[in-house]
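Student: Got a structure for you, written out below as structure tokens; questions coming shortly.
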């Protein structure tokens with residue numbers, strides 16, 4: 001092979017290797033951007049507890065943050081439209097809860113909520129984990145420092161299942177996609193996959209060899225993602241299969257920091273965000289079926305370390321700006337910083353590849369159906385059809401109702417009790433069970449009738465569009481008339497004969513009087 005052939009061979013080999021290295025992904029250019037300080041929450045006294053927790057919970061309507069208080073057990077609830085500096089005596093502070101309680105966020109005009117709607121008393125020591133079931137209504141999981149896991153029916157205030165299979169403190173718990181399995185990590189360095197209804201441990205293995213706390217989550221397709229520490233105190237993450245927990249598919253060491261990493265998972269995009277306590281960065285990865293399975297994308301960095309973090313559900317993201325995730329980051333200075341993760345797109349249309357059907361706020365099963373052994377996929381919704389973007393937020397198309405069959409519902413309001421009485425009266429006349437009927441008495445499904453807030457927002461948008469179209473039409477008509485007038489003037493100037501130049505007038509002496517000027521019709 002001559003020199004020129006060798007050069008061409010190296011060039012094509014370089015091109016081939018380049019195509020191998022560059023991975024095709026629509027999330028390669030995802031970037032994070034922090035909102036301005038006046039659009040964030042300030043003057044929040046975040047809890048200084050040593051418990052490894054995110055200290056923050058978010059939904060499309062409210063933001064809840066655990067704050068510092070005498071005796072503990074206090075948190076504030078903030079609506080998303082109330083930003084800026086939060087007063088020290090904020091009226092939405094909830095105090096005086098017992099082992100754990102479920103409060104009513106709709107009671108906005110009470111200065112201090114000290115009486116929970118439901119009081120769940122079971123654990124003998126502090127409760128560290130609270131986790132709702134992904135598909136069953138009113139099913140809540142709690143784990144305490146007494147090494148016990150309790151699964152509740154919140155509507156009746158009773159314990160459905162008690163799990164006593166952990167010899168030490170429980171660090172984390174996570175349901176799988178359908179809520180049929182439970183994944184936990186413990187101080188004994190083991191991760192366990194548990195069948196909660198049978199109370200049996202199906203698989204267990206050593207997660208990480210380090211002595212510090214570890215975390216584990218279920219991915220959408222059944223894989224297990226864990227974070228923890230190595231024997232040399234290096235932070236690492238692993239990817240495992242439920243059938244072989246002891247043999248990780250991927251093990252990657254990140255750094256030597258000592259903060260516990262919290263994995264936050266987005267099932268719609270298969271992105272995992274790693275947020276460490278005390279870190280100033282958020283790393284995000286994409287999980288794919290191709291090796292190396294966990295692909296590093298980028299890192300969002302800020303100068304301030306974080307004490308906690310909360311992730312907005314996908315139905316609360318702004319689809320108009322291609323926002324795929326939104327984080328509420330708690331700093332040591334008392335600032336709750338809002339961070340938006342965005343995919344850069346030039347088109348302003350709805351991006352269907354970025355927003356598949358996402359988790360909705362409706363339950364697919366009742367507590368009794370789940371306890372009887374039924375499993376179901378979570379209810380999903382389309383952000384294109386049911387979401388209305390109002391100031392970067394989401395307006396739900398249907399209010400969630402907390403109802404329980406066969407037992408009295410402690411969370412039911414007076415209106416719900418009246419409806420329940422009407423259903424009992426109509427039970428003999430109609431063979432349809434009460435829990436199968438919807439809350440609409442006119443025969444129209446509730447999902448087909450949008451709430452007044454959605455209707456008003458849509459009507460306002462339509463009226464604004466009609467007014468803007470009318471203004472544009474008037475501007476176009478004015479411009480057309482102006483163009484026609486200019487074209488006529490230009491045409492007339494071209495066709496008109498040239499005007500003769502005036503002859504120069506003779507100069508006259510100032511002493512001699514000037515001749516009289518005669519009109520054209522004078523002789």
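Each Cβ is built from the backbone N, Cα and C atoms, and glycine gets one as well.
Under the heading domain 'DUF1899', TrEMBL lists 20-84. Residues annotated as repeat 'WD' in TrEMBL: 120-162. If you look up TrEMBL, you'll see 405-452, 493-523 marked as region 'Disordered'. Taken from TrEMBL, the feature compositional bias 'Basic and acidic residues' applies to 414-440.
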Student: Within the domain 'DUF1899' (20-84), count helix residues (DSSP H, G, I), strand residues (E, B) and coil residues, in that order.
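Tutor: Tallying H, G and I as helix, E and B as strand, the rest coil: 5 helix, 22 strand, 38 coil.
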Student: Report the mean pLDDT of the predicted model across the repeat 'WD' (120-162), rounded to a whole number.
Tutor: 93
Student: DSSP on the repeat 'WD' (120-162): how many residues come out helix, how many strand, how many coil?
Tutor: 0 helix, 23 strand, 20 coil
